[in-house]
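J.: Have a look at the structure that comes next, please.
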Amino acid sequence: MANSERTNGLQETNQRYGPLQEQVPKVGNQAVGPIEIFRFADNLDIVLMTLGILASMINGATVPLMSLVLGEISDHLINGCLVQTNRTKYQNCSQTQEKLNEDIIVLTLYYIGIGAAALIFGYVQISFWVITAARQTTRIRKQFFHSILAQDISWFDGSDICELNTRMTGDINKLCDGIGDKIPLMFQNISGFSIGLVISLIKSWKLSLVVLSTSPLIMASSALCSRMIISLTSKELDAYSKAGAVAEEALSSIQTVTAFGAQEKEIQRYTQHLKDAKDAGIKRATASKLSLGAVYFFMNGAYGLAFWYGTSLIFGGEPGYTIGTILAVFFSVIHSSYCIGSVAPHLETFTVARGAAFNIFQVIDKKPNIDNFSTAGFVPECIEGNIEFKNVSFSYPSRPSAKVLKGLNLKIKAGETVALVGPSGSGKSTTVQLLQRLYDPEDGCITVDENDIRAQNVRHYREQIGVVRQEPVLFGTTIGNNIKFGREGVGEKEMEQAAREANAYDFIMAFPKKFNTLVGEKGAQMSGGQKQRIAIARALVRNPKILILDEATSALDTESESLVQTALEKASKGRTTIVVAHRLSTIRGADLIVTMKDGMVVEKGTHAELMAKQGLYYSLAMAQDIKKVDEQMESRTCSTAGNASYGSLCDVNSAKAPCTDQLEEAVHHQKTSLPEVSLLKIFKLSKSEWPFVVLGTLASALNGSVHPVFSIIFGKLVTMFEDKNKATLKQDAELYSMMLVVLGIVALVTYLMQGLFYGRAEENLAMRLRHSAFKAMLYQDMAWYDDKENNTGALTTTLAVDVAQIQGAATSRLGIVTQDVSNMSLSILISFIYGWEMTLLILSFAPVLAVTGMIQTAAMAGFANRDKQALKRAGKIATEAVENIRTVVSLTRERAFEQMYEETLQTQHRNALKRAHITGCCYAVSHAFVHFAHAAGFRFGAYLIQAGRMMPEGMFIVFTAIAYGAMAIGETLVWAPEYSKAKAGASHLFALLKNKPTINSCSQSGEKPDTCEGNLEFREVSFVYPCRPEVPVLQNMSLSIEKGKTVAFVGSSGCGKSTCVQLLQRFYDPMKGQVLLDGVDVKELNVQWLRSQTAIVSQEPVLFNCSIAENIAYGDNSRMVPLEEIKEVADAANIHSFIEGLPRKYNTLVGLRGVQLSGGQKQRLAIARALLRKPKILLLDEATSALDNESEKVVQQALDKARRGKTCLVVAHRLSTIQNADMIVVLQNGSIKEQGTHQELLRNGDTYFKLVAAH
């Protein structure tokens, strides 16, 4: 048997999925082209983008044109000043003070015209691009989700589903940032650079060429750093995707994580990927700032060279060179260099977006072999259900050399019920998957009514098939909607009828909200039996021509199993039904039983015929004692089996049900009324990184002083030409030129320091916040997870989006703001020193800018909150669909999920359109009023100079300083929306971190007894689930369990069996009464110690995306478990031989949720994991239900051996598995109806007797 198990298991795993190795996307310099990123723009988007670019280029020309006006004003003012102070020397000069006033007024009007252009085109460039970015991003989100849903199942076998969900949030957000308002700002700067360059060349090509001599160095350094940024960004995003995958896996399996005390292990897995992201992020930040610093260094060197050479030209007698010419060239070059520097952060955002787009577009461009949305193929008028497998051979795409099916030939007549049986790995599941056309055969064909299914329309064909799987999948909506997912356009009467046929109607109607009752995430609010019956109703409502049942009744309790089995048998009439069975007792009445082995049919016939042959089927049947079952069934009376007088064993209202309307409203209020978070509180988040933040802030402040100091040098340069001899002028030119070079060195060093210190601080903060948030999530109690707002999709979105918004605001954005504040403060101070009157006039425009900033900040904060909620809801829908893709595909409900996803995105899309206009208006006003302020300043400055109250030197210093200060204000306002988003994200993060769980799993308080014997007692326990306080689950239940005894809980679905187990694990605390362990209330015990004494094997085993050895070692997370010990428990669980037959043995990766393994293999790993824990209390919830016939007895024996000397609680539906229990407890209405041994209860002839008879 061991050899057979090893061979079959190896086939089931290797043949199906190939070598079990992790699918890790390769990382490199991967980014889409700068044009390709806009591939989802439609004609309107192209028009908007074109107009936006044109507007940004015109807007970019405003400052270079201003330099021309500045040059003219400079000549006029200098000449006017010379006329006024040297009247004797200039007595024959034609220029008079009146003429000067007229010229200044005309030039001021030019300034006002430039400001008006900036107002109009500034609004157009920003609003149009934000609009088109919102439109394209929404389209990309839809197309990305559509492409995922369109992929065939083989693609999902090789993809990390959790990473896909991370890309749907984090990567697309980065893409949106990169194609939004940063693009027109980049084009504005490019335009400013180009036009400034042209102006400088026209005014003085010699001087311009000297300045441009540094351009190759600038371009080379920028190109090198850009390549580094692309590569590092790709690595960073990849690491975050892997971290998101770990988080999603842990959060979606929180009960397993909590039960095994594995929170710290999951945190370590998560943190390891965060460390990789942090290392790449630090390098990326450093490279980005180094690039910016190099630009400023080379440009300042060019300025120094320009001034030195300019003075040489003037005093060398070159015609046409005046102070105005030099200033026009100089300011054009200055602005061009400023534009080059300003391009860098926007280019970085765009570069990051291109890297993110590569991953997104790669999925979008993937063409599936079987397109789930395809309209191709013919649609037959009707389907009878005649099925034939003609010489079908198949191997899974991931391992084409390993054949799973080898020339399978099988005919199934319409209306027949055919059962597929055989050991694990024989190809049963593969056969039904091929029939659903989840895969296509390599050789041969499958026909339905003599038509190759590949020639039929895939959606129409799948709509003719109903599937009920062993592990039912429900979606996080109402019971009614879950049933209606079975078929499009289902009416209320059809839904109710399907529920009746599935024996689900009564318990549904017992809920206060009936069919409108929410089932919770993954059906968490329903018991296993309730979930299965809803899934059966969903299949029946399809009215399928072909019905596939994969152990469809395995999760049902004893009372309803026979009723549902009867309903299924009735539903099978007139339909072709294929049953994949482990429990042969459920398929004795099949028209045809097909026994498979090694991908081929070895025998077929009726039950009686195959038993008579005494072949493989006979061996399987004998392993289950089916003969004994036959004899028992013959001795039972039909009246007992059919008697429904005993009714329901419990009020279904006691099932774990969703929250009431009032509670939902309270939860909604709580979510939408989060406290306001101040910027100071956000900054305090980075206090752990204070040395880096302080050094980075000092570097930013020093960097911010570069421009104000430059304004002083500039003013001195103007006065340098007033009545000075050549020798003095040459000395001054050399001095100021060297000072400009020094300023360039300061800029280089300070930018590099910002990258080093802020980069480290930002990535450390991001890692710490993600770590803290993930830890806070993992240590919440189960009641917190019952809240529908805390679903997996919403929580992973919080980790991916909120932290990203906070991290920059508290560190690198702080550096930019500090730099701008330093620039602005010093500029204003210098301006007051050199011309307080002119400064006051210009600053009178500041309130307009301040009000504009406040309006923008307030509006952005509101939009950020609404966007977050909308994206959370969208993330939940996407996560649910992708995680349960087989169910979605089988139900052909891809379009339904796509529609729900698109509807959710509409809120965010509408917000983006409103935000576009507000952002555009605020930017345009702030940008235009700078020009208006300049116009007023120059006119007033000319007046002050004429009045003798100010010198040209002071006016130019004030003008330059205020100009740089205004640019700093504008740059600060650009980042205002980022702070609004950060405040919104921080409010949610703080709420999470402050939420203290009622049951603190990480608490060190509580007793830790030296020994645990295992005596249990439920003393007058009453319990209601916190989210539904009006529905009692347990009512004054009292029960004593002696150490070492095996006690089984039986009863119908929802009567409190699982609740008892959860209370014992202290997932919840009773409302009244006590749960005692060795006479001590479990509330008094240390919760970690308590859970370390228990181990659970659930009906639906949860495995993690790591190796087999790591999954088994998950049973004991307090130590490093030796491999030998792992092998021992694997052998005890009858899984060791199978593992040893795998190429990588215990290092084999099991895939996401154990997808690389069969159900039986997963269950045996879960049993091994529980055995490793060496618990004093063993909790078994139908632990052998997923096992095939061949190994069920062996594993049951292993469990019988494992529970010796342990207190064992068994939650049972199949009564045959608990007949040897020391005590059987029958629950009804949340209390004990009767208890005793199997024989005692049979003699009583009460409820248990009737259950056995019905079974």
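Glycine residues also receive a Cβ, built from the backbone N, Cα and C atoms like all the rest.
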J.: Based on the annotations in Swiss-Prot, which residue of Asn823, Asn1229 is described as N-linked glycosylation site?
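T.: When Swiss-Prot is consulted, N-linked glycosylation site appears for Asn1229.
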J.: Where Swiss-Prot marks N-linked glycosylation site, which residue is it, choosing among Asn703, Asn1189?
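T.: Candidates were Asn703, Asn1189; Swiss-Prot attaches N-linked glycosylation site to Asn1189.
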J.: Indicate whether Asn189 (N-linked glycosylation site) is helix, strand or coil by DSSP.
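T.: Asn189 (N-linked glycosylation site) sits in a helix per DSSP.
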J.: Based on Cα distances to Asn1036 (N-linked glycosylation site), point out the closest of the glycosylation sites Asn372, Asn790, Asn1105, Asn1229.
T.: Asn1229
J.: Counting all other Cβ atoms within 10 Å across every protein chain shown, which of the glycosylation sites Asn189, Asn391, Asn1036, Asn1229 scores highest?
T.: Asn189
J.: Can you give me the Cα-Cα distance between Asn189 (N-linked glycosylation site) and Asn790 (N-linked glycosylation site) in Å, rounded to a whole number?
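T.: If we compare the Cα positions of Asn189 (N-linked glycosylation site) and Asn790 (N-linked glycosylation site), the gap is 44 Å.
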J.: What three-state secondary structure does DSSP assign to Asn790 (N-linked glycosylation site)?
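T.: Helix, per DSSP.
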J.: Measuring Cα to Cα, how many angstrom lie between Asn372 (N-linked glycosylation site) and Asn1105 (N-linked glycosylation site)?
T.: 27
J.: Mind giving me a neighbour count for Asn1105 (N-linked glycosylation site)? Other Cβ atoms within 10 Å of its Cβ, every protein chain shown.
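T.: Around Asn1105 (N-linked glycosylation site), other Cβ atoms within 10 Å: 22.
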J.: How many other Cβ atoms sit within 10 Å of the Cβ of Asn372 (N-linked glycosylation site)?
T.: 22
J.: Averaged over the whole of the domain 'ABC transporter 2' (1016-1254), what is the pLDDT?
T.: 83
J.: Measuring Cα to Cα, how many angstrom lie between Asn391 (N-linked glycosylation site) and Asn1229 (N-linked glycosylation site)?
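T.: Roughly 55 Å, rounded to the nearest whole number.
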